[in-house]
Amino acid sequence: MSKADVQSGTVAGMSRLGVSSLLTLVVLLGVSLLGFFSRLFAVIRFESIIHEFDPWFNYRATYQMVTTNFYDFLNWFDELAWYPLGRIVGGTVYPGLMITAGGIHYVLNALGFTTHIQDVCVFTAPIFSGLTAIATYFLTKELWNAGAGLFAAAFIAIAPGYISRSVAGSFDNEGIAIFALQCSFFLWIRAMRTGSMFWGIMTAFCYFYMVSAWGGYVYIINLIPLHVFCLLLMGRYESKLYVSYTTFYCVGQLMAMNIPFVGFQPIKTSEHMASAGVFALLQCYGFLDYLRSKLGEKEFKRAFYLFVTICAGAIFAAVVGLTMLGVVAPWSGRFYSLFDTGYARIHIPIISSVSEHQPTMWTSFITDLHFLPAVAPAGLWYTIRHYDSAKIFLVIYAAFSCYFAGIMVRLMLTLTPVVCMLGGIALNVTFDHFFGEDNEDSQKEKAKKDAKKSEDTEEEEATPLAIKLTVVMALTGLLCQFAVHCTYITSNYYSSPSVVLASSRPDGSRNIIDDYREAYYWLRTNTDDDATIMSWWDYGYQISGMANRTTLVDNNTWNNSHIAMVGRAMASNEDDAYEIMQELGVDYVLVIFGGLLGYSGDDINKFLWMVRIAEGEHPNHIKEANYFSAQGQYTVDKSMSKTMKNCLMYKLSYYKFGDVRTHAQMSGFDRVRNVEIGHKNIKLKHLEEAYTTEHWIVRIYRVKKPSNKSRKLSHKLTQRKKKTKVARKGRKGVLSTTIPAAKGANTRQKASFEL
């Protein structure tokens, strides 16, 4: 290579820009593939199966849409859910996930690749994880440079904080929502910098996709207005800002209202009023700025800030007034719980009963992010040090994501992208400082700084080679540890489906525990098609999806009263519970029990939440204090209370368990609670054991039919016409009002897919 080629910036006939672009493309493609393949542990170790609970409904809804059409899906009334109420699915879901998977399935089959919709659903989240890495690269590049973008893309591709919601089989809304989140932010920064209506409309389209996919779209529609408001306070108003936000807000909100589940919420709920207020304030600010340009600086300077303050106060007063009048709906309980950690436990216990809604432990930050929380503050400092209008957005993004991640375990998902970006910036600056080559621009800047120094000031010495080698070895080792940690956490903690459990035998081999699917298969093949199953709401989606049977409650949790009724039945004695089950038309009761195997996620450990939810709706019948022992402890041993001993949940969980020897010296030893149960000779009066799985994890009981002789009739006997002088009595057992049977033949026929 000639000296002229070096000076002109060419390498083997290619420009440095071309070489850099090619290397960037190769690295970015490799990072995307890495993100995809790192999420396949569950498929390799088990099989291609849907994980967890919510994904089963998403899969079932997608199957319904693919086998019919989109309009039938929007009008689909699910008779298998929330018996006897049912559920209008099209108006109660975010359809973006179903449309995405259905679109991929349609394209693949159109190209000649015959695939089942289940396989598409299993691999949707890993595919979008690769796209999320690309979106994070472009966002970080827009805010800093390409080097920081590559670091950020590599981090988010394998970070456990994001993998936990995007492994193969995790067919949930968050799998595609983070991609839409990062894309929306990238397009917003591009629109704000260029002032182009095109980029503003593109931001609105991406926001619309986010609205269709996840309820977390509220984060976008509040964070972007907050960014605009901060820029106005800092005196950084530009016409570009006016054009970009006005275009985004108008087009985005109009498109968002086309989602049936969202409807008119963007203009009628308090969660959206901040964006509307900033929009109105920006219009006033733009009008006043226009007048100032026409009237001159001196004539308008005094009245400018006063008028802006009056407009802001008027907008705030209008929002408060409309809220008090009921025109604008107040903040929801879920929104309050983000700012008051004790609100949900007192007022909405069903939210607090979910483990992922608990406050985040400090160890979770290390588990999900490894060393990134330690280097992210350095990246934040560099961002603040060299701030501009775009970088201010990154600071706001980081501050609010950090706060919400500490409030709720689930919201660790929103912190992971910004921490990866800040970590990428910090490492990029570090590498550039120690190993960056001095180009012409940096040499000019250094010359200017040297010219300002006094003549007697000595020049700074160059960084010794030994220090450079030490830094590169330390950073390389740290990055290798990060990769090993992410792989270990992904493989051992986030790649195990909830419906298929695994344990280790003494010889180190794996033991597959398939009790869930065993129980659901039994329900599917051994119960009537119109049988109604009562269980806690955690298992509703799986029963509908795999067993294809009607459930009382499920994971949608839209009707707290119905869930409280199920909780009351579980917490009541058998006689009272039987009356409730007869009112609800229950045929079978399903409970999860882990005392034999040591499975801690059973219903006994969740039972107190059932009691609390039931007490909130039925305080005269259920009291939480009655389920504690005399010492104030929640236990199942001999010291338990009489109410706990006689409740339906205790009986169904420990029925015949007292005869099983799970300990060397005693029978009926609960391996989860580590105690010997206090009541072993359990007798059932109104229920009978129908099926118990191999490891006793799932127990199913059949509800006995009422006996005409022993059942007290609370209705008037049916009167018949007199044919003779002797009056005939009405037939025994004839009810004036009968419980309607579930008519779900069409739904069941459409939902009869293979497991």
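For all residues, glycine too, the Cβ spot is worked out from N, Cα and C.
Keep in mind the model is a prediction, meaning the values are calculated, not measured.
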Among ranges 362-382, 467-487, whichever one TrEMBL labels transmembrane segment: 362-382
Segment proximity, the transmembrane segment (21-44) to the transmembrane segment (120-140), 3 or more C-beta pairs under 8 Å: yes
Highest-contact recorded stretch vs the transmembrane segment (175-191), from 88-108, 146-163, 197-220, 273-291, CB pairs under 8 Å: 197-220
In contact by Cβ distance (the transmembrane segment (273-291), the transmembrane segment (362-382); 3 or more pairs under 8 Å): no
Paired segments the transmembrane segment (21-44) and the transmembrane segment (146-163) in contact, 3+ CB pairs under 8 A: yes
Selected stretch (most C-beta pairs under 8 A with the transmembrane segment (146-163)) from 88-108, 197-220, 241-261, 273-291, 394-413: 394-413
When counting Cβ pairs under 8 Å to the transmembrane segment (88-108), the leader among 197-220, 241-261, 394-413: 197-220
Helix, strand and coil totals (DSSP H, G, I; E, B; other) for the domain 'STT3/PglB/AglB core' (532-589): 34 helix, 8 strand, 16 coil
Top partner of the transmembrane segment (241-261) among 197-220, 273-291, 394-413 - counted as Cβ pairs under 8 Å: 197-220
Per-region confidence, the domain 'STT3/PglB/AglB core' (532-589) (mean pLDDT, whole number): 94
